Amino acid sequence: MKKSITLLPGDGIGPEVVAEATRVLDEIGKQYGHEFTYQSAAIGGTAIDQFNDPLPSDTLALCKESDAILLGAVGGPKWDANPAHLRPEKGLLRIRKELQLFSNLRPVSIYNSLVSESTIKEEVVRDIDLLIVRELTGGLYFGEPSERLDIDGEEGAVDTLTYKRSEIERIIRMAFQLAEVRGGKVMSVDKANVLESSRLWRQIANEISEEFPNVSLEHMLVDNAAMQLIRNPRQFDVLVTENLFGDILSDEASMISGSLGLLPSASLSADGPGIYEPIHGSAPDIAGKGLANPLATIASTAMMLKYAFHMEDEARDILNAINKALDSGIRTADLVYGNQEAVSTSEMTDAVLQYIGSTK
Ligand SMILES: NC(=O)C1=CN([C@@H]2O[C@H](COP(=O)(O)OP(=O)(O)OC[C@H]3O[C@@H](n4cnc5c(N)ncnc54)[C@H](O)[C@@H]3O)[C@@H](O)[C@H]2O)C=CC1
Ligand SMILES: CC(C)CC(=O)C(=O)O
Ligand SMILES: [Mg+2]
């Protein structure tokens with residue numbers, strides 16, 4: 001199969017981890033007879049530097065024409081003082097909106113050999129398999145107004161949390177559809193004791209659940225959910241939630257897996273190309289040092305193979321290769337807690353590459 005992939009490396013460790021992930025895609029192509037072609041485009045801070053725009057129109061056009069998009073990360077201190085429309089993060093928010101990527105799937109599981117090394121007790125994290133379904137094009141990250149303003153003669157600011165019925169319906173329906181082919185349980189996470197938008201969310205979740213008699217629905221307040229994720233993550237199957245809540249809960253959930261550098265994601269629309277992206281950011285503190293863990297991005301390519309290209313065997317092969325590489329004992333610095341020596345970003349990929357093809 002021939003597939004065209006747009007690469008959006010972005011800032012900080014973004015280019016480092018995207019480069020590693022394409023090495024794995026190339027090996028999959030070689031072993032399974034696929035041809036993956038890549039075109040790179042600018043987004044985020046690097047796009048601001050080159051084009052004074054965090055999402056240049058050429059980048060968007062290229063993305064729309066491709067079969068799938070692989071994104072690293074955007075942002076960094078260099079651009080932190082920029083006005084809102086010239087921040088790197090604005091480029092990412094805009095492309096998610098432009099491509100209507102309303103559904104962000106963030107699976108949380110744990111590779112075998114990391115179970116005993118987790119900062120959380122072994123019996124809590126063993127066999128974990130949950131899926132966070134984060135709403136990605138609405139809520140607090142997109143509501144208007146979002147600006148500085150004068151409040152009673154004082155400096156103030158406002159951000160707005162809005163959701164339309166149709167936006168809630170489609171993400172809740174997506175969560176139910178995914179739960180139907182997983183563990184049959186949806187946990188809708190909101191703040192319905194305080195927020196009107198959450199009360200609408202909860203009402204609509206109840207309505208949609210009528211369409212799925214084989215899937216159970218429960219509701220949980222987000223503050224409790226943050227605690228329950230660490231206390232007993234095994235109670236969750238599919239957890240669906242608002243944009244900001246999902247952003248925060250998924251970073252937290254990454255520590256069930258062992259590191260923020262491990263969790264992949266797929267940002268999907270009803271049709272059209274999706275963005276496959278690690279959940280982490282540009283990690284300016286380790287950028288350019290060969291310290292970044294490439295596994296979240298490599299696992300994101302597995303999600304690309306599965307969701308964009310329907311290459312289930314190839315996707316499984318990548319996850320197996322990651323498992324085997326970790327079984328061999330090597331760790332990037334984010335996974336090292338004792339005196340063990342860490343390997344570099346590219347050495348971790350080398351180890352994964354050794355096992356690609358072993359489930360053929
Ligand atoms: N999707 C995206 O492009 C995202 C971008 N950001 C941006 O990234 C910049 C930095 O934000 P932070 O809050 O520091 O979040 P971050 O996710 O970049 O980093 C948080 C911590 O995790 C570590 N880390 C992250 N990814 C890692 C990896 N692959 N391997 C090893 N360690 C890793 C970092 O070194 C840091 O200590 C900001 O400008 C922020 O806006 C943040 C989150 C998502
Ligand atoms: C706009 C992004 C920086 C938000 C984020 O942290 C994420 O998507 O994980
Ligand atoms: Mg985040």
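Every residue, even glycine, has its Cβ placed from backbone N, Cα and C.
What TrEMBL lists as domain 'Isopropylmalate dehydrogenase-like' is 4-352.
For Gly76 (NAD(+) binding site), the same-chain residues lying six or more positions away in sequence with a CB closer than 8 A to its CB are Asp11, Gly12, Gly45, Pro88, Ser282, Pro284, Ala287. Per TrEMBL, NAD(+) binding site is recorded for 76-89, 281-293.
The feature substrate binding site is assigned by TrEMBL to Arg96, Arg106, Arg134, Asp223. Listed in sequence order, Lys191 are the same-chain residues at least 6 apart in sequence whose CB falls under 8 Å from the CB of Asp223 (substrate binding site).
Annotation comment: TrEMBL describes Tyr141 (among others) as site 'Important for catalysis'. Long-range C-beta contacts of Tyr141 (site 'Important for catalysis'), restricted to its own chain and to partners at least six residues apart, with a cutoff below 8 Å, comprise Leu93, Asn243, Leu244. DSSP assigns Tyr141 (site 'Important for catalysis') to a helix in the three-state reduction.
Per TrEMBL, the feature site 'Important for catalysis' maps to Lys191 (among others). According to DSSP, Lys191 (site 'Important for catalysis') is assigned to coil rather than to any helix or strand. Over all protein chains present, the Cβ of Lys191 (site 'Important for catalysis') has 19 other Cβ atoms lying within 10 Å.
Taken from TrEMBL, the feature Mg(2+) binding site covers Asp223, Asp247, Asp251. DSSP assigns Asp247 (Mg(2+) binding site) to a helical segment in the three-state reduction. Neighbour count (other Cβ atoms within 10 Å of the Cβ, all protein chains): 19 for Asp247 (Mg(2+) binding site).
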**Asked** Any idea of the Cα spread of the substrate site, Arg96, Arg106, Arg134, Asp223, as a max distance in Å?
**Response** 26
**Item:** For Arg134 (substrate binding site), the one of Asp80, Ala84, Asp247, Asp251, Ala283 that lies nearest, given that the binding-site residues are compared by Cα
**Value:** Asp247
**Fill in**
Top of the binding-site residues Asp80, Asp251 by count of other CB atoms within 10 A is Asp251
**Request:** Go through Ala84, Ala283, Ala287, Leu291, our binding-site residues, and report the one whose Cβ sees the most other Cβ atoms within 10 Å.
**Result:** Ala283
**Fill in**
Taking Ala84, Asp247, Asp251, Leu291 as the binding-site residues, the residues having C-beta under 6 A from ligand 2 are Asp247
**Item:** Non-site residues, in chain order, whose CB comes within 8 A of the mean position of the CB atoms of Asp223, Asp247, Asp251 at Mg(2+)
**Value:** Val222, Ala226, Leu244, Phe245, Gly246, Ile248, Leu249, Ser250, Glu252
